[in-house]
Amino acid sequence: MPDMANVESFDLDHTKVKAPYVRLAGVKTTPKGDQISKYDLRFLQPNQGAIDPAAIHTLEHLLAGYMRDHLEGVVDVSPMGCRTGMYMAVIGEPDEQGVMKAFEAALKDTAGHDQPIPGVSELECGNYRDHDLAAARQHARDVLDQGLKVQETILLER
């Protein structure tokens with residue numbers, strides 16, 4: 001069996017990072033020379049909790065729009081499988097401070113969101129019944145109350 005490709009997040013020492021934070025997880029260059037940056041938008045300390053599936057699903061729907069409102073070039077905002085945060089792909093290489101400010105603004109929008117959740121119908125969503133706006137808003141408030149920071153990448157010592 002061939003070796004599996006290296007996955008950046010498996011090299012991160014999850015015991016040494018301090019959530020909540022924004023972290024540049026990597027930059028890829030496309031064959032045409034464009035840069036795509038991946039950011040780790042961490043809500044919870046790894047291995048010390050997880051966001052409920054309905055809440056993280058709602059965060060995904062809200063941050064998909066709100067991050068685009070505050071940061072140019074957002075390609076995608078998706079939940080981490082561990083449910084402690086989101087990954088965001090963005091065209092170019094925005095600086096971490098700018099991403100942090102955009103994330104903070106998007107979290108403020110999320111915390112104050114008092115309208116229907118966007119994209120929540122059988123036509124628009126693959127699991128449209130699984131949402132929790134109140135919990136999503138609370139997670140946004142919790143991160144804002146704790147304060148965001150830029151987290152450096154701390155690699156495992158192997």
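Even glycines carry a Cβ here, placed using N, Cα and C.
Secondary structure from DSSP puts CYS125 (Fe cation binding site) in coil. Look at Swiss-Prot and you will find HIS57, HIS61, CYS125 tagged as Fe cation binding site.
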Quiz item: Helix, strand or coil at HIS57 (Fe cation binding site), per DSSP?
Solution: helix
